[in-house]
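According to TrEMBL, the protein has these features:
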type: SIGNAL; residues: 1-16; note: signal peptide
type: BINDING; residues: 67, 179, 181, 337; note: Mg(2+) binding site
type: BINDING; residues: 67, 342, 346, 387, 388; note: Zn(2+) binding site
type: ACT_SITE; residues: 117; note: active site, phosphoserine intermediate
């Protein structure tokens, strides 16, 4: 199938690109357009009966990202979850499918129809769309051009805003912590590939430090950071990738003394993670793999538990156990990424991608149960979404109960080509009238909902008096059937999407 697609694509690759339709005249690659657009969208969907719920601050925020998790991935992962529980699967539910509200998010970058994870992460973490490949900078920056990184192009993530207000902030990812999604939470880079000094082509390392260095510069006060990518923080003589000889792990440890974190913990194993206790440690850096963390399916097959890396659910649970203590008075903000859904799809390995999606569902369920147990769920905004989708489909006439990872396709008797027929993934459901409404939003809306609900940035308490809603009908909730780039909300703080 892969060869067939490549052959069909050859004429396009060999011919000149078609003329491009222009972007809207009013659209800007800078910050102000997207910040204004996000605030207009908040006004559009805000309703007086819902605003009464929003008068209180969302004390806690948890954002889950399924990297590469489109509609068809969610459909197939739901079936896999059911089949892992010995049922046909179609009737099963992923944990976040029980959330009250669902909508669609538009994922394009300012320069590409099909987005990359750097530009999308910048959009949903800062509220500003940008170019493909850029992290924490607006579309006026140029990829690979260090001189285009200026104070005017830098953007601030809502995690940074929260940390500046004294909230307990955390990042959890199954990818390298310098990879696109987690990196957008703290870095400002004109190239997502500049993960360490050895991969950076910057001609000005003081203006454009590598992303691992920026985690030390910009996120040392984040209370919990868990993921992979150890090699980008260590020099070559310690099996790292750094050519400058720097040991950023030691530098992180040394810096914590000035950040009111005398009881710091650096960890590398699952057992070390599980043994952490919030009353014995004040901040944690966990580099749990040299590069990306292992795929969930392979990791769980290890019989020796001491050889396993922590699962996404275990990392999420521990992060919340710590952050709910650290942020007991001020609140917490946590970003959790299931980053290897994307990697499985890139490798045409649906089995891996779907197991990663089920692992995300497990992590969401673990978060809900922990917050419920601590009686914090009602003051928590929780969002589950994705950065982009993948070319993945369930194109077959399979019998119900057929193993989802063993789909069989027919071949045309005449041509010999695969005959994919119809697809089995979910569909959006929209209607107007007396039923709850549904919405299609810019991806930047994720950041604006979080900032609005948590009183951050342009929606800080001091600025809310002048922010008046525009009343619109039928906005009590927005429901799609497993909408693309799943955008789901739970808590009393968000009655609209």
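Glycine is treated like the rest: Cβ placed from N, Cα and C.
For residue 67 (Mg(2+) binding site) paired with residue 388 (Zn(2+) binding site), the C-alpha to C-alpha distance reads 7 Å.
Considering only the recorded positions 117, 179, 337, the residue whose Cα is spatially closest to the Cα of residue 346 (Zn(2+) binding site) is 117. Highest Cβ count within 10 Å among the recorded positions 117, 181: 181. Counted over every protein chain shown, other Cβ atoms within 10 Å are most numerous around 179 among the binding-site residues 179, 346, 388.
Ranked by CA distance from residue 388 (Zn(2+) binding site), the recorded positions 117, 179, 181, 337 have 117 at the top as the closest. The local packing around residue 342 (Zn(2+) binding site), expressed as other Cβ atoms within 10 Å of its Cβ over all shown chains, amounts to 28. The Cα atom of residue 387 (Zn(2+) binding site) lies nearest to that of 117, taking the recorded positions 117, 179, 181, 337 as the candidates. Within the same chain, residues at least six positions away from residue 337 (Mg(2+) binding site) with a Cβ under 8 Å of its Cβ are 64, 65, 67, 172, 173, 174, 175, 181, 182.
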